[in-house]
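What TrEMBL records for 13-167 is domain 'MobA-like NTP transferase'. Positions annotated as GTP binding site by TrEMBL: Leu15, Ala16, Gly17, Lys28, Asp74, Asp104. The Mg(2+) binding site annotation in TrEMBL covers Asp104.
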Amino acid sequence: MPAPDPSQPFSVAVLAGGRGQRMGGLDKGLVAWQARPMIAWLHEVVRPLTDDLIISCNRNQDTYAAYADRLVGDDSADYPGPLAGIRAALQVARHPLLLVLPCDAPRVDRALIESLLAVAADGPVMAQRGGYWEPLFAVIPRSLLPSLEQAWQAGERSTQRWLRHHQPAALLCDIDDPRLSNLNSPELLQ
């Protein structure tokens, strides 16, 4: 895959704002995998690729600040879901494209990021495996912020449903692609 065009910079949003219910309430991005916090693995991959690394988090801001250029949080305290983090990141993103990644996917690599960006054209891109969309592995044009604001005000909270409304391009991945594995329970960390 070709490397991202350096004349086309992109912002990155790492979503770390959830409750961590399947992790017993722990902040997933800070949970250790192979002796390092999961956020550290993502930071290592994306930091060389962008000058606009945004982490959406609703707690532990002091810890996350070491991994980000900017932090954003949800505008409500009830953990409304990943779409809230995407919305907050799009509001501050400095570049035309926003790469979205979940904090609990420490196996993401540069090749996956480059592939997502290579598919990006005028609309959003989502990874897809086994016929199922993976809406938290996506590239979203900042130009879709007005659409997201309108959908949000109308009560939309599903990232996938909102993105599918915009007919996203699909990055087809193998059904067992480990880069798309969310390590969101203690059992999966083994």
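Using the three backbone atoms N, Cα and C, a Cβ is placed for every residue, glycine included.
Whatever TrEMBL says is automated annotation, not expert-curated.
Across the domain 'MobA-like NTP transferase' (13-167), the prediction's mean pLDDT works out to 91.
According to DSSP, Asp74 (GTP binding site) is assigned to coil rather than to any helix or strand. Under the DSSP three-state reduction, Asp104 (GTP binding site) is assigned to coil, being neither helix nor strand. Neighbour counts of Cβ atoms within 10 Å were compared for the binding-site residues Asp74, Asp104, and the top value is held by Asp104.
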